[in-house]
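Feature annotations, courtesy of Swiss-Prot:
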DISULFID  CYS165-CYS220  disulfide bond
DOMAIN    29-139  domain 'Ig-like V-type'
DOMAIN    145-238  domain 'Ig-like C2-type'
CARBOHYD  ASN104  N-linked glycosylation site
CARBOHYD  ASN189  N-linked glycosylation site
CARBOHYD  ASN215  N-linked glycosylation site
REGION    281-316  region 'Disordered'
SIGNAL    1-28  signal peptide
TOPO_DOM  270-316  topological domain 'Cytoplasmic'
TRANSMEM  249-269  transmembrane segment
Amino acid sequence: MLRGWGGPSVGVSMGTALGVLCLCLTGAVEVQVSEDPVVALVDTDATLRCSFSPEPGFSLRQLNLIWQLTDTKQLVHSFTEGRDQGSAYANRTALFPDLLVQGNASLRLQRVRVTDEGSYTCFVSIQDFDSAAVSLQVAAPYSKPSMTLEPNKDLRPGDMVTITCSSYQGYPEAEVFWKDGQGLPLTGNVTTSQMANERGLFDVHSVLRVVLGANGTYSCLVRNPVLQQDAHGSVTITGQPMTFPPEALWVTVGLSVCLVILLVALAFVCWRKIKQSCEEENAGAEDQDGDGEGSKTALRPLKHSENKEDDGQEIA
């Protein structure tokens, strides 16, 4: 039948063999798997459940069981008269041998990786053939967000501040939400980036830019869409009123006193200059008045002598 599948002696491809098998068998064997995706955390073990209903007198020698990736047809695990594994899953897959005879064809996948995510098909052949596919979703919870503030000191109302929310080692990509202190969503001035590391896990950095008020609380929520888990982080910022330290206050007082003294000195100098100028003008005016009176006194005798001469002439 399907003996030897997955081994080096296979002469035809698995897809061709399964196609021939589908044509030859009636499909009376019924394979059942979970309709809901199987969710597994990174680095934990996952069980992909698959079952069939064995007929009375069933023997494992009649069973051919194959697990493979649905899309690529890559072999994951097989059971014919033993097991054969694909290299990508070496030492990481196992069946439940003691339960096979009861119709339990489930696959145990150990130490789940991000790259294990996908659809897996369970093929069961006894005398008839059937198959079914089950989905595996891989997830990893995000760490509690760390909040950083830039600038982080000497903040005043009206300052533009940058708040960064960082969460690490999650999968799949996160959904990030910002809220203010009243629980209202903040969607403007938000920039979010997500980068996968070598294991495929994401580091999230979301940046919010806001104008600081008198005080405010800002919350960051990082949601894992598969696990429906939320990681919260928040920061409360208080904008301090403008104050001066004691040193600055003394410097300000000293400068003010110096400025007052300088203005007083300047006013005194100006007053002295103005006073001196006024005194000089007054002195000049007095000198001019004195010169005028002297001239008048000198002229008076001359007039008197002239009168005498005139008188003399008349007498003569």
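Backbone N, Cα and C atoms are what each Cβ position is placed from, and that goes for glycine too.
Recorded features from Swiss-Prot, shown on the structure.
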| residue | record | DSSP class |
| --- | --- | --- |
| ASN104 | N-linked glycosylation site | strand |
| CYS165 | disulfide bond | strand |
| ASN189 | N-linked glycosylation site | coil |
| ASN215 | N-linked glycosylation site | strand |
| CYS220 | disulfide bond | strand |
Would you mind listing, in sequence order, the residues at least six apart from CYS220 (disulfide bond) in the same chain with a Cβ closer than 8 Å to its Cβ? PRO145, MET147, ILE163, CYS165, VAL176, PHE177, TRP178, SER206, LEU208, HIS232, GLY233, SER234
Residues near ASN189 (N-linked glycosylation site) by Cβ (under 8 Å) yet at least 6 apart in sequence within the same chain, in sequence order, are LEU208, ARG209, VAL210
Separation of alpha carbons, ASN215 (N-linked glycosylation site) and ASN104 (N-linked glycosylation site) (Å): 62
A 10 Å Cβ contact count, applied to the glycosylation sites ASN104, ASN215: which residue has the minimum? ASN215
What DSSP reports for the domain 'Ig-like V-type' (29-139) is 13 helix, 52 strand, 46 coil
To what whole number does the mean pLDDT across the domain 'Ig-like V-type' (29-139) round? 92
Counting every protein chain shown, other Cβ atoms within 10 Å of the Cβ of CYS165 (disulfide bond) number 28
